[in-house]
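What TrEMBL annotates here:
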type    : residues                           : note
BINDING : A:His2                             : Ni(2+) binding site
BINDING : A:Cys73, A:Cys76, A:Cys90, A:Cys93 : Zn(2+) binding site
Amino acid sequence: MHELAITQAILSIVLEAAEAAGARRVTAVELTVGALTGYVDDSIRFYFERLSEGTLAEGALLRIRREPGEGRCRACGGAFPVEPPLLPACPLCGSPDIWITGGNRCLVERIEVEDGDPHPGGEGHPQRQ
Amino acid sequence: MATHIPVVKAILSANDAVAAENRAAFDAAGLLAVNLMSSPGAGKTSLILATLERLPPSLRAGVIEGDIASTLDAERIAARNIPVVQINTGGACHLDAPMVRSALSHLPLPDLDLLFIENVGNLVCPAEFDLGAHLRIVVASVPEGHDKPYKYPGMFQKADAVVLNKVDLMPLHRLRPLRLPARPVDPPPGDPALPPVVSDRPGRG
């Protein structure tokens, strides 16, 4: 359910970018997904496959790059990796005054497309000799 | 021929743009909007009603109710003569900014000082969607147990405040101290670490 809404948002960004570029087909989509977003890769792939049916992005390959979680402690100033489940305290000094500084983003980084025909209506033209 | 097109767009940017419009509408009307989130049954509607009873009558409040189905909550609010709009998401497990935008035209915004937006009862998806509210408040309740911030970190990380409800049930539960996980943005110095504790039962909190 959660990933359905997320994947709808991904697809709409992909299609908007593809249409703006006059693409014929989207062949790949590169995503950055933070480790702390809670988004499940397999679930995004599952919904993407179904939602993209009949669109320019049907059959596109999803390349998902996981961005690691990072935290920072305001008491000792230390930075540390954060993996779910989240720690309630700084692993360096034990203070609870810790903040997430990375790993909660989800971005469409770029797409790969097959270009549209530069000469509209070109299909069916007699082949040049 | 294959071409690479850089996009670099946060996936919820379309929702966030509408949320910014909602926030501008709230600011133009001079009201404070609060996005109230919790698990089902934590007491969001009861807390709204109990809060409004304690506020001076000169403060004018409105409510947007979000539920998958039914108008039960909106009827409870309307029975107190408080302006209310029910959004039925028809299956969606959260409110999003466009749903809230569509509800605003049914409320007398310029006449309001305070707007409660009661989200769909769910500790997962509502955390993801900015509605344009000024504050995100999570209602946790004693019967849910102490572990919800660990199990649903996103919800608690993004909260501006957590209210612990149903404290009148504390004697029936062994609730361990609530420790909140790290949050994604720096708070102002002196931000309280412990949640306010209340009960929405009359005279209990």
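Every residue, even glycine, has its Cβ placed from backbone N, Cα and C.
The secondary structure of A:Cys93 (Zn(2+) binding site), as reduced to three states from DSSP, is coil rather than helix or strand.
Within 10 Å of the C-beta atom of A:His2 (Ni(2+) binding site) sit 19 other C-beta atoms, taking all shown protein chains into account. Contact with chain B, taken as any Cβ pair under 8 Å, is found for the binding-site residues A:His2 out of A:His2, A:Cys73, A:Cys76, A:Cys90, A:Cys93. Using the Cβ center of A:Cys73, A:Cys76, A:Cys90, A:Cys93 for Zn(2+), the list of other same-chain residues with Cβ within 8 Å runs, in sequence order, A:Arg74, A:Ala75, A:Gly77, A:Gly78, A:Pro91, A:Leu92, A:Gly94, A:Ser95, A:Asp97, A:Ile98.
Contacts of A:Cys76 (Zn(2+) binding site) defined by a Cβ separation under 8 A and a same-chain sequence distance of 6+ are given as A:Cys90, A:Leu92, A:Cys93, A:Ser95, in order along the sequence. Taken residue by residue with DSSP, the residue listed as 'Ni(2+) binding site' is part of a helix. The most densely surrounded of the binding-site residues A:Cys73, A:Cys93 is A:Cys73 (count of other Cβ atoms within 10 A of its Cβ). Cβ neighbours within 10 Å of A:Cys90 (Zn(2+) binding site), excluding its own Cβ and spanning all shown chains: 21. Across the structure, A:His2 (Ni(2+) binding site) and A:Cys73 (Zn(2+) binding site) place their CA atoms 30 angstrom apart. Following the DSSP three-state reduction, the secondary structure of A:Cys76 (Zn(2+) binding site) is coil.
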